[in-house]
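Annotated features in TrEMBL:
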type: ACT_SITE; residues: A:SER539; note: active site, phosphoserine intermediate
type: BINDING; residues: A:GLY465, A:LEU466, A:PRO467, A:ALA468, A:ALA469, A:GLY470, A:LYS471, A:SER472; note: ATP binding site
type: DOMAIN; residues: A:20-232; note: domain 'Tr-type G'
Amino acid sequence: MNILATPNSVKGTAAKTTERPQVSIVIVGHVDHGKSTLVGRLLHETNSLPEGKLEMLKAVSERRGMPFEWSFLLDALQTERDQGITIDTTQIQFRTPARDIVLIDAPGHAEFLRNMITGAAQADAAVLIIDALEGVRDQTRRHGYLLHLLGVKQVCVVINKMDRVDFSQDRFEEIAHEIREHLTTLGVTPTAVIPISARDGDGVAANTARIGWYTGPTVVGALDTLTPMRALTELPLRLPVQAIYKFDDRRIVAGRIEAGQLAPGDEIVIMPAGKIAKIKTVESWPVTPVSGAQGAGRSVGITLDRELFLERGDVIAHPATAPRDSHRLHARIFWLHETPLKTGDTVLVRIGTMETRASVVAIEQAVDPGELTSRESTSIARNHVGEIDLALARPAAADPYTDNPRNGRLVIEIGGRIAGGGLVLSIEAGKRAAPIDIVPVESALQPEERLARYHHAGAVVWFTGLPAAGKSTLARALERRLFTRGGAAVLLDGDTLRAGLNGDLGFSPADRRENIRRLAEVAAHLARNGHIAIVAAVSPAADDRAQARRIAGDLFHEVYVATSAEVCESRDPKGHYAKARAGQLPAFTGIGNDYQPPAVCELVLDTATRPIAESLAEIERMLTARHVLREEPTDFAANI
Amino acid sequence: MDHLDELEAKSIYILREGFARLKRLALLWSLGKDSNVMIWLARKAFFGKVPFPCMHVDTGKKFPEMYAFRDHYSKEWGLDLRIEPCPPVEAVDPTLPPAARSAARKTEGLKLALAKHGFDGLIAGIRRDEEATRAKERVFSPRGTEGGWDVRDQPPEFWDQFNASVPAGAHLRIHPILHWTEADIWAYTQRENIPIIPLYLATNGKRYRSLGDQDITFPVASNASSIAEILTELESTKIPERAGRALDHETEDAFERLRVAGYL
C-alpha cells in the first residue's frame, strides 16, 4: 500500500492555472427586499448550482406547499425555511466571466444586525438591495450607514421587484435619487444603481425588454467591475504582537503585518513602551530564515538583535513613523448589545491583539442610523451608533482610522462577547496617566503674573550630549545667569535625579526611556508653572528625546552639546570612561556608538572650541529669539 | 501575495489566536485532505512544532490507508497524537437515520474525549463551501456544555476579532480553514507538497472526494489521477464534494441535526 504519496511524486503534476481576482461581496438590505432570492438567481444565471440542487429546492418547496423559493438555497436551517427569513450570515462561491466571487448573504432583520455586521465586515464590496414597492426603509439606511462605518467603499445598489411596479422607470428614478442622496451624505458613491426582478431574472445576467429603458450594467456586469481590497503595504509598518514563542533556542515574535512592510536589519520601536531594537531575522518554516521584505497581510515571525521584554498587544513600528500611544481615545462605534452602553461603563476594549479595560468617559451624538434622528444622549442603545470617549487602563498604540484603518479600529467586549465596535477618530497623546477619577489641580497663578515677576516665560532647556561633553557645566552656568537676572531657574541633572526620584531605574533601554520620561514630566510641569527647567542628561536615544519633546510641547528647547568623543574621554571628570574601558561599566554611553545625535535641534554647541561665556550668550540669544527671555521686562501689573 | 498566500496568512493568524487565547487546545485530525493541510499550517504557524495535541476521534471504521497514513506521519511530524475511541452505535440516538446515526458515534466520542482531557478549544478543519450549515459558522464557534451549537445565537465576529471566552464545561470550536475551498486545499497541497492519501486519486474510473467511515463513504466517478487533474476536474464538475457521504442525504435536515448536536 502506497501511503507515502506526495503531490510531487504523483505523475502529471502541473502548475495551477492563471489567477482570477477573488472578490468578497455582501448582500444587504431591508428584510424581505429579496436578498436570498437574488443570491439564488445569481447562482442559477452563472451556472453555479450543483447538480440536482434545483430539483431538490423544487421538492422542498412542494413538500411545504409553497411556490418555488430561491432563498431555500442559502437558508439552510430549518427555522429559516419555516419562517422564510435569513437568521445568520452565510457564504457561497460562484464565478462571473471575470471574477471569483465569495457571496456573503447577510440577514436583513433588525434583530440580527450583529450577523449582518459579521458578514459585511469581511466584504470587499456590497450590494444594497431595495424593494421597488417599499422604497428606502429604515434598515436600508441603517445598512448603508454601517457599510460606511465598516469601511466598505464599493456599493452597488439594486432596486428589486420591478415586476411589482410594472417596471416603471419613474418609480426606479425616484428610489435611485433617494438612495444616491443618502449614500452621498455618508461619503459613498454607488458604483451602479440597477433595476431588477430577482425572481424572474430581469437585470441579473441580462437586461430584458421589460427594462428596455435601462442602459446601465446588469448585476453580473456590475460585480465584474468590483475589486478586492488590497493589503495596506504603502502605509507605515504596524505589526501587532500575537505571541512570543520559544520552542527552541530562538525567541520568535509572531504576528501579522497589518500595514506596511519590514525586512531583516530594520530598526524598529516596540510601542507603547518605546523600546528600540533591530530585526535580526524573519523566521519561517520549512525554510528559515527568509530574506527580503515582508508586506502587509503576511503572518510572520521575527527575531530581534537584543533581549527585550515585549508581550502580546505591543505594536511594532518603525521609529520615524511610530504610532503615538495614549490612554484616551475618541471613537465612533455601533452597539449590538441588548443593554445600552452608558457613560461610566467599564468595558473591555480590543485593538488588534491588545486588550485593556476601559471606561466610557463621555457619549455624544447617539443616533439610530435607520431613523436618522440625532440626539444628545448619555447612552447608546442596541443597533444605534454614537461617538464616545474612552479612558484606557493601559496605553494603546492605536492610529486614527483615517491614517491607518487596520490599527484604527476597535471592538468592545462585554461578558466575554463582542458587544460593539468602531473606528478610532482621534487619540489624545501625552496624557499617560489620566485615570478619570484624577482631576489635576490648576495653579492659583496666571502665567502673566509669573512673567511679570521673572521676566521670562516657562521653558524646558534640554542639554544632550556624550558624558563629559560639558552639559552639567553649561547647565549650572545658565542656572546662575538666569537667577542673577531675577529669573526662576531649576536645574534637573540626570545623575542627581537618578539618586532619588529615579533610583528604581537601571540602564536598560526601557529604564532609560522611563528615566527620560520622568525628567520630561517634571521639567514640563515646572515650565508650565513659569520656571525655566534646565535638564542635563545624556539622553542617548533620539526617540526618547522625541518623547520628551512631545510631553513638553512648545516649551521644549533642545541644546546639543556636540563636544567630540575624544575630548570627552580625555576630560573624564567622573572617571567613567576609564572604568568603561576596563569593562566595569557595561551600559556606559560613550564607549561604542549608542549615542544618537539629534538631526534637528534648537542649538548646537561645542565646549571644546568655545568658552563657557560665549556658549551662554548663544543660549540666551536662542531663548530670546524663541520669546522665552524678554529683553525689556514687561510690567503687566501696570495694566491690571 | 497571491491567493494561497492570503489564505495561509489568515489561517496562521487564527491558529495563533487560538493558541494565545485558550488554555487547553487540541487539533482534530480526521486524516483527510483538509486536516492534513491544517496540520501543515500549524507547523508553519509555530515554526515546525505543533504545540498542542492532535486528536483522532476514531470510529474504528476508517480505511486501512488512513490508519497507515496516521501512524506514519504522526511520528514523522513529531505530533502529540491522542487516539480516542467512539461508543458503539447502540449508544447513539435511535431516531437518527442509519448513516447519520453511525456518524453520530463520532459526536459521542468527541464528548467523551472532551470530558476526559478538559479541552476548552478544539481546532477543526471544516470549510464553508462543503455544506450549507457549515457556511454559517463563525471562526471561533462557541459550544454549550453538551457540545451543542446554538446557531440562532452566534456571537458577532468581525475584523478578525474573535470571542474566546469559554464558560466552565463548554468549549470553542476554532476553524482556521473555514474560508478555504476544496480547490484551494488541493492547490495548496500541490504547492507545499503535502503528503496525500492515494484514495483521493482515481483508479479504475473512481476516486474519493471526501474520506470518512468505510461503510458510509463512497467514491465518485472520476479519472483524475493527479492533483493537477483534480483541479481541472473541480473547475467543471457539478457534483458536490460530499456527494459520496451518505449521511448528508438521508433527510433534508439530517446534517443540520448532527451539527447542532455537536458534530463537526
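Note: Cβ is positioned from N, Cα and C throughout, glycine not excepted.
As the structure is a computational prediction, the values presented were derived from the model and not from experiment.
In sequence order, A:PHE463, A:ALA536, A:VAL538, A:VAL561, A:THR563, A:CYS568, A:THR607 are the residues of the same chain, not among A:GLY465, A:LEU466, A:PRO467, A:ALA468, A:ALA469, A:GLY470, A:LYS471, A:SER472, whose CB sits within 8 A of the CB centroid for the ATP site. A:SER539 (active site, phosphoserine intermediate) is 9 Å away from A:LEU466 (ATP binding site) when you measure Cα to Cα.
It is 10 Å from the Cα atom of A:PRO467 (ATP binding site) to that of the residue listed as 'active site, phosphoserine intermediate'.
Each of the recorded positions A:SER472, A:SER539 was ranked by the number of other C-beta atoms within 10 Å, and first place falls to A:SER539. Note on the domain 'Tr-type G' (A:20-232): its mean pLDDT in the predicted model is 84. For the pair A:GLY465 (ATP binding site) and A:SER539 (active site, phosphoserine intermediate), the C-alpha distance works out to 8 angstrom. Taking the Cα atom of each, A:GLY470 (ATP binding site) and A:SER539 (active site, phosphoserine intermediate) are about 14 angstrom apart.
In this structure, A:LYS471 (ATP binding site) is part of a helix by DSSP. When the Cα atoms are compared, A:ALA468 (ATP binding site) and A:SER539 (active site, phosphoserine intermediate) turn out to be 13 Å apart.
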